[in-house]
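Undergrad: Relevant sequence annotations retrieved from Swiss-Prot are reproduced here:
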TRANSMEM  16-36  transmembrane segment
TRANSMEM  40-60  transmembrane segment
TRANSMEM  82-102  transmembrane segment
TRANSMEM  107-127  transmembrane segment
TRANSMEM  140-160  transmembrane segment
TRANSMEM  183-203  transmembrane segment
TRANSMEM  211-231  transmembrane segment
TRANSMEM  239-259  transmembrane segment
């Protein structure tokens, strides 16, 4: 992968990690559509480390407050939220650890991704349309956190979207849009860190070239901007724009996949 392709993939990762459109799907589809060298799961996760930097920089005050409160137990709303995030991370860690090889070898077919983009777009639409607007971030309870955490485990499949499925689940549990987005982003921090660390330990040092560095840096900068955009957007609008994008992209991918055979 040359430096230009590394930058493009960094932009793709930064834009799509936090928007409910599936970053893993885009990291498979962009090389497939434009003839780039396929980066593989290791480079995918390395780009996720760039977006990890983005979410840590954006939410550092939140994490500082939550960690401090969590270290003192569950006597405060922030303390409870911290431990809810910890527990909600576990399903994604377990599923990712045991199913990584299956996903890498069998669940990255463009046709399947196209179908899942459309299906999960429908789920996001229905959840946002019929979900309540009752709970704020600190109103989230243990059952809400576990439901969101279990749904996050499905995001290992390209086309599902980690942010999409977690925000949809939160909306179904009555969490308002802005709070659903913030919880989703906070929940992404440990899962991205863990997945990235696991893959980095296996990674060939020869992959640490200019393209790799440019991709990670670009994904960090663009990811930060994507977080800012989504939080601003959902404060005033629904998720419909992302639903429309998912359906159109999914249909396009299905048509191209069928034409290519």
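Glycine residues also receive a Cβ, built from the backbone N, Cα and C atoms like all the rest.
Looking at the shown structure, can you explain where the listed features end up?
TA: Counting only same-chain residues 6+ beyond the ends of the transmembrane segment (82-102), those with a CB under 8 A from a CB of the stretch are 41, 66-67, 69-70, 74, 140-142, 144-146, 148-150, 152-156, 183, 186-187, 190-191, 194-195, 198.
Within its own chain, the transmembrane segment (107-127) has Cβ neighbours under 8 Å at 20-22, 25, 28-29, 32, 157-161, 164-165, 167-169, 171-172, 239-240, 242-244, 246-247, 249-254, 256-258, counting only residues six or more beyond its boundaries.
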Undergrad: Thinking of Cβ pairs under 8 Å, which stretch from 16-36, 183-203, 211-231, 239-259 has the most of them with the transmembrane segment (140-160)?
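TA: By Cβ pairs under 8 Å, 16-36 leads among 16-36, 183-203, 211-231, 239-259.
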